[in-house]
Amino acid sequence: MMTLNSLSPAESKAISFLDTSRFNPIPKLSGGFSLRRRNQGRGFGKGVKCSVKVQQQQQPPPAWPGRAVPEAPRQSWDGPKPISIVGSTGSIGTQTLDIVAENPDKFRVVALAAGSNVTLLADQVRRFKPALVAVRNESLINELKEALADLDYKLEIIPGEQGVIEVARHPEAVTVVTGIVGCAGLKPTVAAIEAGKDIALANKETLIAGGPFVLPLANKHNVKILPADSEHSAIFQCIQGLPEGALRKIILTASGGAFRDWPVEKLKEVKVADALKHPNWNMGKKITVDSATLFNKGLEVIEAHYLFGAEYDDIEIVIHPQSIIHSMIETQDSSVLAQLGWPDMRLPILYTMSWPDRVPCSEVTWPRLDLCKLGSLTFKKPDNVKYPSMDLAYAAGRAGGTMTGVLSAANEKAVEMFIDEKISYLDIFKVVELTCDKHRNELVTSPSLEEIVHYDLWAREYAANVQLSSGARPVHA
């Protein structure tokens, strides 16, 4: 973790790191790094009211454990920590299993759930030997059973959504890693919370769509929601030990995605292959496109609001091309705390699985960060014209209720249509905006789980058939 006093990343153009064994020290700043920022005469560190607001007679947000006083140990298992993985064949799931494979003395898998990749799921079962496995696509259940017919131990297999839910609330599991993309991850997460499982949350929609319902439920069951994505994990790490009321601002860093160096005028020429070329991260197609549009960051703003209780005015997005600083917080005394590391999703996943401990990692498979070799870190403000997703996300967040879920679902459908080449890249923003506009008259401020799911489905259907300003509709196969 790094601390920068009285520094706003949007005003700082670069941070440079020098190897003092090769260069002379920088005057006035010992420690081998220099800070350069534009507009030297401009004031910074303006007074911003405390961004942490906790309603009366309610507990702090679930992602605040360890903030002031560490909890007493409550280990209730013997041997390696038992975990369930919902979405085991996706990017989050496979990286979670990589961690388990490298740390068999720390973690063991008791249940796995996947969507449709039966071949990979069968391989995972053979390697990690869970007691329960589920495949969401019920039509593939016989294929899975055939693939595991010669298994040397008794395995329970449950098909469909109910199977995924049973994996999420498996009685042996202590922590459930939720890696399913979209609102499909909401019901399993709710089931895990009701069963008292701590949540390693990699499914943004759980809070973006379900925040008004999920957070009170987590408080009720004394469940910890531990963020497994890099940005919120960074914030979570920075707030450890932070007194209540000390948080002033959250600063989410963004790589800028595939088009950060493209002129706005060229965006009308974007092809699917262009959007899938992320400069820093190796991720799935949907999240890679979200990174290009910056919708991922807009959704993370909403998630940060729910996780950490920050007002939207006190959550800032900063473009940081190197993706070394994963996010920052500013405290009331104008200190800025940052979490740094190579862009590797295994790091935040591991932290959610091991918290409050830190698991030692091999330097071969987990390279250490060398700031002197890195050289410098740069920052810039995002362009609202290039990234209209930011305004859409902040507006949806401030509207609250079901609007955030509608935004997320409409974006998911729009990205799907873009990847299938049914709409253009710029149409993604139009589809989301028109869907949110249509929802304004039906907004539910305090939705039930059923209402959250209903408007998720409605938004997808509306987005799939929305008439664009050009008069065109999405092209269906």
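Just so it is clear, glycine is given a Cβ too, placed from its N, Cα and C backbone atoms.
If you check Swiss-Prot, you get these features:
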{"type": "REGION", "residues": "56-80", "note": "region 'Disordered'"}
{"type": "BINDING", "residues": "Thr89, Gly90, Ser91, Ile92, Gly115, Asn117, Asn203, Glu205, Gly284", "note": "NADPH binding site"}
{"type": "BINDING", "residues": "Lys204, Ser230, Glu231, Ser255, His278, Ser291, Asn296, Lys297, Glu300", "note": "1-deoxy-D-xylulose 5-phosphate binding site"}
{"type": "BINDING", "residues": "Asp229, Glu231, Glu300", "note": "Mn(2+) binding site"}
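Annotated features, which come from Swiss-Prot, shown on the structure.
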{"residue": "Thr89", "record": "NADPH binding site", "DSSP class": "coil"}
{"residue": "Gly115", "record": "NADPH binding site", "DSSP class": "coil"}
{"residue": "Asn203", "record": "NADPH binding site", "DSSP class": "coil"}
{"residue": "Asp229", "record": "Mn(2+) binding site", "DSSP class": "coil"}
{"residue": "His278", "record": "1-deoxy-D-xylulose 5-phosphate binding site", "DSSP class": "coil"}
{"residue": "Gly284", "record": "NADPH binding site", "DSSP class": "coil"}
{"residue": "Asn296", "record": "1-deoxy-D-xylulose 5-phosphate binding site", "DSSP class": "helix"}
Measuring Cα to Cα, how far is Thr89 (NADPH binding site) from Asn296 (1-deoxy-D-xylulose 5-phosphate binding site) in Å?
21
Cα distance, Lys204 (1-deoxy-D-xylulose 5-phosphate binding site) to Gly115 (NADPH binding site), nearest Å?
17
Is it possible to get the count of other C-beta atoms within 10 angstroms of the C-beta of His278 (1-deoxy-D-xylulose 5-phosphate binding site)?
18
Around Asp229 (Mn(2+) binding site), how many other C-beta atoms are within 10 angstroms of its C-beta?
22
Note down the number of other Cβ atoms within 10 Å of the Cβ of Gly115 (NADPH binding site), including every protein chain shown.
20
Lys204 (1-deoxy-D-xylulose 5-phosphate binding site): nearby binding-site residues from Ser91, Asp229, Gly284, Cα cut-off 10 Å:
Asp229
Per residue, counting other C-beta atoms within 10 angstroms of the C-beta, which of the binding-site residues Thr89, Ser91, Asn203, Asn296 reaches the highest number?
Asn203
Using Cα positions only, nearest of the binding-site residues to Gly284 (NADPH binding site) (Asp229, Glu231, His278, Asn296, Glu300):
His278
Below 8 Å Cβ to Cβ and six or more residues apart, same chain only. Which residues does that give for Glu300 (1-deoxy-D-xylulose 5-phosphate binding site)?
Lys204, Asp229, Glu231, His232, Leu252
Rounded Cα separation (Å) that holds between Asn296 (1-deoxy-D-xylulose 5-phosphate binding site) and Asn203 (NADPH binding site):
12
Between Ser91 (NADPH binding site) and His278 (1-deoxy-D-xylulose 5-phosphate binding site), how far is it from one CA atom to the other, in Å?
15
Could you give the Cα-Cα distance between Asn203 (NADPH binding site) and His278 (1-deoxy-D-xylulose 5-phosphate binding site), in whole Å?
20
Other than Asp229, Glu231, Glu300, which residues of the chain come within 8 Å of the Mn(2+) site, judged by Cβ distance to the Cβ centroid of those residues?
Lys204, Pro227, Ser230, His232, Ser233, Leu252, Asn296, Lys297, Glu303, Ala304, Ser327
